[in-house]
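Participant: For reference, the structure I am asking about is given below.
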């Protein structure tokens with residue numbers, strides 16, 4: 001569930017329909033706005049005005065290098081002399097410049113200089129490669145509006161705040177943008193954020209309705225907007241802002257935010273307004289200055305060198321003490337017994353009358369004489385090995401991904417040996433260990449469990465207990481023969497003749513079943529795509545939601561069309577042997593988005609006539625949904641809870657579905673409160689929106705629960721077994737219930 005929560009948290013779609021959430025534009029002087037955390041003002045299509053108003057925004061040029069021409073020598077030298085051995089050889093080399101040295105200074109300083117220079121060159125080459133990557137990035141080309149309806153190709157580094165840019169398919173966004181429009185009529189676009197969060201599934205973004213009709217280059221000639229939003233921050237999944245356009249104020253959310261380094265997919269082009277540039281962009285706010293990384297082996301080497309230094313110092317100190325004692329004893333009747341020990345006329349290094357000073361000088365000489373006790377080639381040898389390792393890693397054909405045509409690339413070689421020191425792996429479950437391809441496999445409706453398919457966890461548990469799985473599978477308290485295999489539909493694996501092929505109409509609670517399927521078809525944020533054969537496919541932010549709408553379609557309630565004001569459901573008549581569809585168009589009023597604190601999502605729609613009711617459809621975690629049920633809406637609560645526990649034991653992900661009917665006055669009060677929160681533009685706007693949503697998501701009527709399965713990827717059990725044999729501990733991060741997590745762990 002952890003991945004589900006994160007994905008749904010990104011799905012801030014309530015402002016998708018913000019055309020209805022507008023108010024008269026403020027007449028305040030925007031240049032005076034200075035609220036803490038909410039002070040950015042962007043004049044769209046008028047980038048030069050920011051300097052006139054006194055705003056100082058950074059350039060779009062970015063740098064990820066560790067050094068500059070000025071700082072390279074001092075910073076690199078500092079890094080080298082942080083190493084104990086290098087610092088010791090530096091001190092020893094300085095001492096060789098004195099008369100105390102037993103050998104020439106060149107023999108001490110030259111090897112040290114070679115070692116330091118070679119290591120600095122390695123650091124410099126790696127940083128130069130980072131610089132080259134920065135240059136390539138900053139010199140990428142994008143089309144920028146120049147105020148006369150034409151777009152000119154411009155390098156990324158010259159983009160300014162307020163510029164309107166045109167990004168085409170399969171290109172990266174050069175800065176953080178507000179989506180104005182796309183080639184799709186509803187202003188939607190598909191975005192790949194793999195560089196930001198590692199997610200491979202596409203995200204859906206949608207422009208405000210008031211700007212979605214800006215379809216041509218010439219439409220931007222006289223465009224003027226004022227965007228007020230939060231200050232630069234590192235949070236990728238939140239955004240608070242407003243847009244003043246045509247005398248109205250419209251709320252902005254993460255649904256309109258396109259982040260730098262994400263890529264436009266499956267969309268011919270988009271138009272966007274630049275709001276954050278360079279190091280103000282969210283991806284750069286999350287980036288840290290390249291640290292000076294030191295491996296465990298290098299730290300252990302320092303410890304060993306400390307021991308060697310202590311041994312060296314002990315030997316030198318012991319020799320110097322005895323030297324002082326014997327030197328003092330060498331004086332007899334004012335004459336030296338061993339006069340030959342003084343090779344010159346010096347009285348400092350061997351003077352029985354000043355034995356302590358002579359002993360100290362002997363100590364310094366001994367430290368220089370014994371410095372080969374510590375190998376000066378130690379670090380440079382390791383650096384050469386690391387460089388060769390990086391070369392081998394880059395050329396390793398076994399680390400090449402043929403599907404994506406991507407080889408491995410060692411950007412730095414400082415931590416190569418750490419790869420062999422791993423003793424613990426922290427792994428996400430969804431999409432890492434599992435396929436992240438959800439299948440609707442079971443459900444509980446009106447207290448009755450449906451679905452006869454066997455999950456992977458159930459198979460593993462049966463195998464573990466030595467219980468064979470027979471030809472009959474118990475479902476809903478009845479043993480029924482497995483139905484004939486039908487062509488597999490991706491995302492749908494529910495097998496139960498009681499509700500398939502329109503047979504649900506004969507069930508005792510057919511009205512509840514109908515509302516359950518309608519909720520699946522309506523309460524989501526998916527986008528349908530209808531081809532020339534009238535076949536519908538879906539683009540969803542999460543595979544869970546895709547599984548829900550596919551299940552609704554397979555059960556006769558097809559999500560057919562979506563606009564910013566309506567949802568069309570194509571329902572199959574269960575009483576007809578042939579496909580006889582009825583189109584039901586629901587007016588879309590509000591979407592109350594999911595968040596990690598709310599743990600639920602709701603959609604408010606108005607039924608088509610003659611019913612004309614205002615309905616709130618809601619789905620969420622059982623921990624929050626059951627507490628929001630009305631006293632007369634708990635008819636199936638005990639049975640549903642029991643089924644949810646059974647599904648959790650089978651390794652399935654569950655959600656509770658409920659609804660309520662709203663009267664006109666109640667909805668009008670909510671809509672006004674919700675609208676006020678939306679256009680507030682304050683830093684606590686999300687809290688205000690949450691409070692408004694919380695006030696309406698009460699007194700719900702329980703319909704049932706869903707259960708979807710995310711199967712393990714091929715080879716995961718074998719891989720985990722090998723890692724365990726290697727003594728590596730594996731921790732799986734998941735938001736599932738404890739029972740679900742334990743049983744999935746057994747399955748692995």
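Easy rule for this one: first residue shown is 1, then count along the chain.
A Cβ is built for glycine as well, from the same backbone N, Cα and C atoms used for every other residue.
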Participant: With 428, 429, 430, 545, 594, 653, 734, 735, 736 listed by TrEMBL as ATP-binding, which of these, 459, 619, 678, is given for the same site?
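Facilitator: Looking at 459, 619, 678, the one TrEMBL places in the ATP site next to 428, 429, 430, 545, 594, 653, 734, 735, 736 is 619.
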Participant: Scan 27-45, 46-64, 65-83, 84-102 against TrEMBL and say which stretch is down as transmembrane segment.
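Facilitator: Feature transmembrane segment in TrEMBL: residues 84-102.
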Participant: Take the transmembrane segment (84-102) and find every residue of the same chain, 6 or more past its ends, with a Cβ under 8 Å from one of its Cβ atoms.
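Facilitator: Apart from its flanks, the transmembrane segment (84-102) reaches 108-109, 111-112, 115-116, 302, 305-306, 309, 346, 349, 361, 364-365, 367-369, 371, 374, 376, 378-379.
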Participant: How would DSSP class residue 735 (ATP binding site) in three states?
Facilitator: coil
Participant: At a 10 Å cut-off from the C-beta of residue 428 (active site, 4-aspartylphosphate intermediate), count the other C-beta atoms across all protein chains.
Facilitator: 16
Participant: Please state how far apart, in Å and to a whole number, the two most distant Cα atoms are among 428, 429, 430, 545, 594, 619, 653, 734, 735, 736, the recorded ATP-binding residues.
Facilitator: 24
Participant: Which residues of the same chain, at least 6 past either end of the transmembrane segment (357-380), have a Cβ under 8 Å from a Cβ in it?
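Facilitator: Same-chain residues near the transmembrane segment (357-380) but 6 or more away: 83, 85-86, 88-89, 92, 95-96, 98, 100-103, 108, 111-112, 114-115, 118-119, 301, 305, 308-309, 311-313, 315-317, 319-321, 323-324, 327, 348-351.
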Participant: When you tally the Cβ atoms that lie within 10 Å of each candidate's Cβ, which of the binding-site residues (594, 735) has the highest tally?
Facilitator: 594
Participant: Summarise the model's confidence over the domain 'P-type ATPase N-terminal' (42-108) as a mean pLDDT value.
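Facilitator: Mean model confidence (pLDDT) across the domain 'P-type ATPase N-terminal' (42-108) is 86.
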Participant: From the Cα of residue 428 (active site, 4-aspartylphosphate intermediate) across to the Cα of residue 653 (ATP binding site), what is the distance in angstrom?
Facilitator: 15
